[in-house]
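As structure tokens, the structure follows; a few thoughts come after it.
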Amino acid sequence: MESFHSVAVIGAGLSGLYSAHLLKDRFPDVVLLEAQNRVGGRVKQIHDLAPWPVEAGPEFVHGRNSVFVRFVEQQLGVVFEEKEWPEWWYFGPKVGGQGLVNDQDVDDEVDKVHDLFGDCGDEAHPPPGKDLSAAEWMAAKGCTVRQMAVADACYANDFACSLRQLGVREMIEENRGWDCGESYLLMDRSMGAVVTHLARDANIKTNWVVSSIAYDNGGVRICAADGRVVRCRAALVTVPVSILQQGSIAFSPPLPAAKAAAISRVRMGNAIKVIISFSRQFWRDDMYDVVCPGAFVPEFWMLKRTATNPGVGTPNVVVGFVAGERADEVGAMDPAEAQRRFLEQLDEIYGSATDPRPASSSVVKCTVVDWSKDPFVRGAYSYPSLGAELGDRTALAAPVAGRLFFAGEATNEAINPCIQGAMQTGERAAAQIRAALDATAAAATTRSKL
């Protein structure tokens, strides 16, 4: 079975959906080819834990200044609640034993870590071929073991890696390019509402697993694993970089050397969410986020939402976020063991003489979400990668032969892996496709007049 379209978008995640949304007025026959049986990519919800959909993927919007915020405010009327990040810290016995401390009251050691990472964009890049890890960079600056633990839990975990995986060259570039703001924004509804809005008028073919893409000056031929074929004038590839690295899609001719090299160097970290619902609330009402240096779960948060499914689950939900090498270790565990260790951590933080096991004694349900086990994602998002070179993200984003285009958070030249970064790349790719196809049409018209 074969069909023809002006533009085919491979992947119905946020970047692909937004690209198709921007292209459909100019190219009404644009089609999205999605490997999974659902749309949204890494935007996904769990519906049986709480009276609202709990996010298995992105939970926050990082900063107000972004195309994502502007779009959802204008198109959906979304209202955001703004939170400072990081908000609270928990320092257990391994890192000083101070207990819970508000970020405004942290000591000079923690402040120095904030300053180091906040100002790293002022530093010179390591020489080509001589990148160093954030762990090496901090050691060279005389940071203590405690400061390393603070940075690993707060910054590396947020990047979806460890300090050993975090590359200073791209970390500097990310710092220089970041313009979204530092606060966390919480939407007044599920992230799924954005996906639903973008998908409502889109032509989407699900369970469409791309196996090969052939391209030349005449157009693009996309083959599915089950033999279906789509031909198009231009194709936009938005699959995660992990899918490209593992050779799941064969390109003919092969992708240019610079793009292939960039694909091999840019890394995608894993992330696991350990999500537990409780029969009661044992934390303070004004506490939503806690960073825990040296602990099993480096960061967790407690969110309150407006009930959209009354009677489902409980409103007392804690989300533990574990990324990078730590996520690989947790992923190798039995889910029951991950639950047990996270409950022990929560009991340590919130227990008292009269209520020593507040978490363990009030568990209702636990779900462990491991993004590395999703066959069409295989990780969480890309991070400033040790060994990546300047220009790798530009090479990832570069069109090929005026027919093949690329989007998705890993192609963000500012190394912004967040949902707004993915959306920015969809906007950029849509503009490139319009320009390329308009130029092709103009050239064809000129030739016909000769």
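Glycine is no exception: its Cβ is also placed from the backbone N, Cα and C atoms.
A sphere of 10 angstroms centred on the C-beta of Ser15 (FAD binding site) encloses 32 other C-beta atoms. Feature annotation from TrEMBL assigns FAD binding site to Ser15, Glu34, Ala35, Val210.
The number of other CB atoms found within 10 A of the CB of Phe321 (substrate binding site), across every protein chain shown, is 23. What TrEMBL records for Phe321 is substrate binding site.
If you look up TrEMBL, you'll see 181-433 marked as domain 'Amine oxidase'.
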- Expressed in Å to no decimal places, the gap between the Cα atoms of Glu34 (FAD binding site) and Phe321 (substrate binding site) is 27
- Over the domain 'Amine oxidase' (181-433), work out the mean pLDDT and round it to an integer. 96
- Note on the structure: Rounded to a whole number of Å, the separation of the Cα atoms of Ala35 (FAD binding site) and Phe321 (substrate binding site) comes to 26
- Nonlocal residues around Val210 (FAD binding site), in sequence order (Cβ under 8 Å, 6 or more apart): Ile10, Leu33, Ala35, Ile222, Cys223, Ala224, Ala225, Val239, Ile249
- Item | Neighbours of Ser15, Glu34, Ala35, Val210 excl. site residues, C-beta within 8 Å of centre, FAD | Val9, Ile10, Gly11, Ala12, Gly13, Gly16, Leu32, Leu33, Gln36, Gly41, Trp208, Thr238, Val239, Phe376
- Query: About how far apart, in whole Å, are the alpha carbons (Cα) of Ser15 (FAD binding site) and Phe321 (substrate binding site)?
  - Reply: 23
